[in-house]
Amino acid sequence: MHVTVIGAGSMGHGIAQVSAMAGHEVTLNDVDDERVRAGLEGVEANLAGGVERGKVTEAEREATLANLTGESDLTAAAAGADLVIEAVPEVMDLKTEVLGEAAAVAAEDALLASNTSSLSLTELASALPDPARVVGVHFFNPPHIMPLVEVVLAEQTAERTERRAVEYVEGLEKDAVVVRDSPGFASSRLGIALGLEAMRMVDEGVASVPDIDTAMREGYNHPMGPLMLTDLVGLDVRLDIAEYLRESFGERFRPPQVLRRKVAAGHLGKKSGEGFYVWEDGEAVGPSDEASR
Ligand SMILES: NC(=O)c1ccc[n+]([C@@H]2O[C@H](COP(=O)([O-])OP(=O)(O)OC[C@H]3O[C@@H](n4cnc5c(N)ncnc54)[C@H](O)[C@@H]3O)[C@@H](O)[C@H]2O)c1
């Protein structure tokens, strides 16, 4: 299958990687050549790490890279695609714009998929020419490690679209759960609720950032604390999701001040080098000064 991934950021490059590893012919798109290159380099680094840890063979690494190309022109990237997945920022207009542009040149029956964490698939589908082919394919971060993918059904999603989306996910050797379109789906709504409450506790000085995370890791057996997870996801991404859930569910999803402050300061988490923690070479080296105040 020809898969076009739009957006080569934290999620897009990983989605391109797992698709190429499963044998699909993948084109990775972003707004300019530099970002496309950064996405491809991200895939190369993941694969090199996989080879080093003995999780990926040299032959798999080479085959994956041979299946993967980058293209900053969306029309060229999506021409004839069988599956288009967008992983651009969590903004409805942006998602409809890129999927609409791609749909115009993709195969006639192409699946039009969104990696949105929270936005309404039904609204997204309504803004596209053939809503029956629209579906949510929600990967988790990082896509090459996390086994779950939520397949989210818009009101208009055809059964055939659902079946093809589930087949694609299973072909990646991941577990698909099918969920009805509801803000935040099954996963983000709960994940964000925990993350926002942890941030309110930071704002109130209840405990330090590492101690809040340790409490959830060691007391509740979470593999990672909610603030570390927020750094991994991206503070800007979580702010967008919280704003959207607040519109849908009310004040319980109001973004805490510390989140707004950090996003305004450009402290977006691992990807910018600082969020609730300071990051060096992909590792958290300690809490950020502001977070520990
Ligand atoms: N970060 C996570 O943990 C996570 C997990 C699951 C789902 N998501 C969802 O995935 C989507 C992307 O999130 P992310 O964390 O990868 O964001 P990101 O900011 O890391 O990457 C977004 C990329 O989209 C690119 N982009 C912006 N406009 C574009 C356009 N018009 N055409 C092509 N590319 C464009 C940006 O240049 C950037 O490289 C969001 O909808 C988010 O909610 C994120």
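Yeah, the Cβs are placed from backbone N, Cα and C, and that goes for glycine too.
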GLY7, ALA8, GLY9, SER10, MET11, GLY12, ASP30, GLU90, LYS95, SER117, ASN141 bind NAD(+) per TrEMBL; candidate in LYS262, LYS271 listed for that same site: LYS271
C-alpha spacing of HIS138 (site 'Important for catalytic activity') relative to MET11 (NAD(+) binding site), in angstrom: 10
HIS138 (site 'Important for catalytic activity') versus GLY7 (NAD(+) binding site) - Cα distance in angstrom: 14
Inter-residue C-alpha distance, GLY9 (NAD(+) binding site) and HIS138 (site 'Important for catalytic activity') (nearest angstrom): 15
Assigned element (helix, strand, coil) containing LYS95 (NAD(+) binding site), judged by DSSP: helix
Secondary structure tally of the domain '3-hydroxyacyl-CoA dehydrogenase C-terminal' (184-279) (DSSP, helix then strand then coil): 66 helix, 5 strand, 25 coil
Number of other Cβ atoms within 10 Å of the Cβ of GLY9 (NAD(+) binding site) across all protein chains: 18
